[in-house]
Amino acid sequence: MTIERTFSIVKPNAVAKNVIGAIFSRFESAGFKIVGSKMLHLSKEQAEGFYAEHQGKPFFDGLVEFMTSGPVVVSVLEGDNAVQRHRDLMGATNPANALAGTLRADYADSFTENATHGSDSAESAAREIAYFFGEGEICPRTR
């Protein structure tokens, strides 16, 4: 058993639908511990910095515009094989391809407004967590 941390964003469209609690319930039902979480409204600079790897791609400006269109909830999840299990719970990036019962199948509106973000590797998780959280803001749970 390998306990990992992964990073999650509940995106503006899901926040607007008032499904934060439903998504958090799904995290906990899947065995994740939420060890850090906060709601914030991303500035253009924060969104551009977070998604810097996509700069220059055709969807970049629309992604930044969407991610700054309303509040988001950023979270740190902890659990066994957390990165892959969280990705499985989210479903395919394109909700049209997401399996029934995944977060994106249930809450996404489109390819861009796909309800959630999750780290794609342990390395990305560490970078993304550090982008939004100081170590003192993460509370490891032992029970």
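Glycine too: its Cβ is placed from the backbone N, Cα and C atoms.
What Swiss-Prot says about this protein:
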BINDING   LYS11, PHE59, ARG87, THR93, ARG104, ASN114  ATP binding site
ACT_SITE  HIS117  active site, pros-phosphohistidine intermediate
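Shown on the structure are the features that Swiss-Prot records.
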{"residue": "LYS11", "record": "ATP binding site", "Cβ neighbours (10 Å)": "23"}
{"residue": "PHE59", "record": "ATP binding site", "Cβ neighbours (10 Å)": "12"}
{"residue": "ARG87", "record": "ATP binding site", "Cβ neighbours (10 Å)": "18"}
{"residue": "THR93", "record": "ATP binding site", "Cβ neighbours (10 Å)": "17"}
{"residue": "ARG104", "record": "ATP binding site", "Cβ neighbours (10 Å)": "23"}
{"residue": "ASN114", "record": "ATP binding site", "Cβ neighbours (10 Å)": "23"}
{"residue": "HIS117", "record": "active site, pros-phosphohistidine intermediate", "Cβ neighbours (10 Å)": "19"}
(Q) Under DSSP, is ASN114 (ATP binding site) part of a helix or a strand, or is it coil? (A) coil
Q. Is ARG104 (ATP binding site) helix, strand or coil when read with DSSP?
A. helix
Q.
Whole-number answer please: how many Å between the C-alpha atoms of THR93 (ATP binding site) and HIS117 (active site, pros-phosphohistidine intermediate)?
A. 9
Q: Among the binding-site residues LYS11, PHE59, ARG87, report those whose Cα falls within 10 Å of that of the residue listed as 'active site, pros-phosphohistidine intermediate'; none is a fine answer.
A: LYS11, ARG87
